[in-house]
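Heads up, the thing below is written out as structure tokens.
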Amino acid sequence: MAPAKRGILERLDAGEVVIGDGGFVFALEKRGYVKAGPWTPEAAAEHPEAVRQLHREFLRAGSNVMQTFTFYASDDKLENRGHTQRFTGQQINEAACDLAREVADEGDALVGGGVSQTPSYLSCKSEDDVKAIFKKQIDVYVQKNVDFLIAEYFEHVEEAEWAVQVLKSTGKPVAATMCIGPEGDLNGVGPGDCAVRLVKAGTDIVGINCHFDPETCVKTVKLMKEGVEKAGLKAHYMCQPLAYHTPDCNRQGFIDLPEFPFGLEPRILTRWDMHKYARDAYNAGIRYIGGCCGFEPYHIRAVSEELASERGFLPTGSEKHGSWGEGLLMHTKPWVRARARRDYWEKLKPASGRPFCPSMSAPDGWGVTKGHAYLMQQKEATSEEQLKVLDKAKKY
């Protein structure tokens, strides 16, 4: 019998680097398995082969965690705004757990079961109602015996606290990440205060995921770390940012960009940008380092390669890469061979190839959040009249 794997807290307590995976909903949307808009994970039940393959690619790239493909898999989200389902949230979550465990057992990886923010919270449902949604999801994770639990993608610290409290009741290690920047959550609670509240609620690992680029997310985790330490508390820290540059974003992050979600490709970080992200995160004291929307396996491979000396090994996927482009030494063209060096790629300023396009955008700035009429959710599909109201409200 193979020895039991060390848990997430054992690894972090030992000072090890834990590499997360990437953004499954965006990756699978590009591959034709997820619908943009609802961003729900029914592919775990509908097309398990696609989800399994993506897990394997992240494992090969160096990921230590196979996060269950359960983002937005609560029943209130699966049935929101006319989005009909052949599968229940329980069926999707069970399939996702099985897939993540299958691939994790092919390497030295752990399974993290996740819950995320709910339409019910935005519609001002009660604390008991929202917690019941989380409880229904984690019952599956407990049954499937995932290694730890993740509360991710929360715009309001109050809802994140509720999630952590429910997850902590299982006795399993808990990680909590908010999709906020340095300005704080959508009610103006700063990153340091958010982190303190989450640690007091019971999370073992606290940090940021999604909505912003690596530079912004690392900066925000630093603010969280400062807040936790000032409060005399202890925690581990994690960061799972976008793979898109977002210097022009406001408090809401990339969702406010006019390019979201179908025109973001010109903003994608290169693998060399990811080397910098990995080093910056490590130097900031972050030891759980992964990615969110836009992250593909080659991005995670770059993170793994940058931290190979700290981890003591290269990922399997580096067999087909080579450090800083050294594989280009075998190219037939001499000017391409000349690029097989670190200083070339570190100094490169990539061009977009799009004449007359601006370098940055003007984000939407509606400034609405929980309780606003525009955010009241419904099971019925969005009507033409509702679209007309939104069109009149939008500032073009």
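Glycine is no exception: its Cβ is also placed from the backbone N, Cα and C atoms.
Per TrEMBL, domain 'Hcy-binding' is recorded for 6-307. For the domain 'Hcy-binding' (6-307), the predicted model reports an average pLDDT of 96.
Just so you know, the Cβ of Cys292 (Zn(2+) binding site) picks up 29 other Cβ atoms within 10 Å once every protein chain is counted. Residues or ranges marked as Zn(2+) binding site in TrEMBL: Cys210, Cys292, Cys293.
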Listed in sequence order, residues with CB under 8 A of Cys210 (Zn(2+) binding site) and six or more positions away: Gly23, Glu152, Tyr153, Thr177, Cys179, Gln240, Pro241, Leu242, Gly253, Cys292, Cys293
Cβ neighbour count (within 10 Å, all chains shown) around Cys293 (Zn(2+) binding site): 27
Chain-mates of Cys210, Cys292, Cys293 with C-beta within 8 Å of site centroid, Zn(2+): Gly23, Phe26, Tyr153, Cys179, Asn209, His211, Gln240, Pro241, Leu242, Gly291, Gly294, Phe295
